[in-house]
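Student: Quick one: the structure is below, questions incoming.
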Amino acid sequence: RPPGAMDWQVLTRELSLYLESQVRVGFFGSGVGLSLVLGFGVAYACYYLNSIAKKPQLVASNDRFCRFLEEYCPVVTETYYPTIWCWEGRVQTLLRPFITSRPQVQYRNELIKTADGGQISLDWFDNNGSSYYPDASTRPTVLLLPGLTGTSKESYILHMIHQSETLGYRCVVFNNRGIAGEELLTPRTYCAANTEDLETVIHHVHSLHPSAPFMAAGVSMGGMLLLNYLGKTGRDTPLMAAAIFSAGWNVFESIESLEKPLNWLLFNYYLTTCLQSSISRHRQILEKLFDMDLVMKARTIREFDKQFTSVMFGYRSIDDYYEDASPCRKLKSIGIPVLCLNSVDDVFSPGHAIPVETAKQNANVALVLTSCGGHIGFLEGIWPRKCTYMDRVFKQFVQAVFEHGNKIFSI
């Protein structure tokens, strides 16, 4: 039974025992209150088990890929039991950064140069103590791409590294320009559409360990960037496979969802200030090309992208940038096995915008769609401090690729 799994009998029995041991006096002492609370608890448990806890939808046109996942990544076919007291998408999204643990990871930092004179900060977890792969030259390597303003310090990245460590793998985190404490040497940062820096990183990592099995995992905007890269390169990539988590498939739909009043209040404004904060440290070099006062007045991601991102990367309009940044347009061209996990209640990537029909047209693509989980949430268990459903999908899929990948690479 997966962590967090529960059935009707276990749930009601635990609730009954708790109430009997904790509620002794007053209103509940008469038995009336206890019956009401117990009745409510049973009704809620019934609702949860019938309407909330569900098996994910697995979308894959290739029967061989499906069988591979069912055998070596079975978590994608099991019922996902979101944390019973916080299963709603927005709540999961907001809680995960605060409630999940932060495994200790010792990084080795490397700064690499880019063709335009800039630099990229890579954080390596070499896992030199790996007993499964003591030879560093052939130790499997996972490239990790954090979200919009994320770095190697994000809890979800630390958990991925922790999972990889137990399997004996090496990890390297690609920090986008200018956000991991390094200096911005040129007036250029990053965006979801431009894959040049990612291409530089992939070829650099591969050149250091050409004999090591190599795959990548991207989260949120990192997943969008990785998808756009894979759509551009097809089979011409050193990556064996990729895992994508909570990617925004259609930027127009994502932005529209995030501009709804409650979502703007909870997420949009905060993320906009994070973007502004990430560039304010580099104001001196960026002021050469941008009206930074205008950029710092942005109150939505759309306004920030209009004044800054789309201009930086030479788009005629913000619509041109958003069209180019949307991975749904490039899904048909992906040439290596890719597993994509999304929750349909993710306000950053609305369920109706997930390209289910397009995914069915590419034998290399598998979508795993949960009914709950929010954006990079996927909390499970009564007290979801440690492993999440997303972490388990990552661990099983990465292990499946590195240990049994030969069974899907001919698809």
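Glycine residues also receive a Cβ, built from the backbone N, Cα and C atoms like all the rest.
Per TrEMBL, the feature transmembrane segment maps to 25-49. Annotation source TrEMBL lists domain 'AB hydrolase-1' at 140-381. What TrEMBL lists as active site, charge relay system is SER220, ASP346, HIS375.
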Student: Could you give the Cα-Cα distance between ASP346 (active site, charge relay system) and SER220 (active site, charge relay system), in whole Å?
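Tutor: Cα of ASP346 (active site, charge relay system) to Cα of SER220 (active site, charge relay system) measures 11 Å after rounding.
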Student: Could you state the whole-number distance in Å separating the C-alpha atoms of SER220 (active site, charge relay system) and HIS375 (active site, charge relay system)?
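Tutor: With distance taken Cα to Cα, HIS375 (active site, charge relay system) is 8 Å from SER220 (active site, charge relay system).
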Student: Identify which of the active-site residues SER220, ASP346, HIS375 has its Cβ surrounded by the largest number of other Cβ atoms within 10 Å, counting every protein chain shown.
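Tutor: Output for this query is ASP346.
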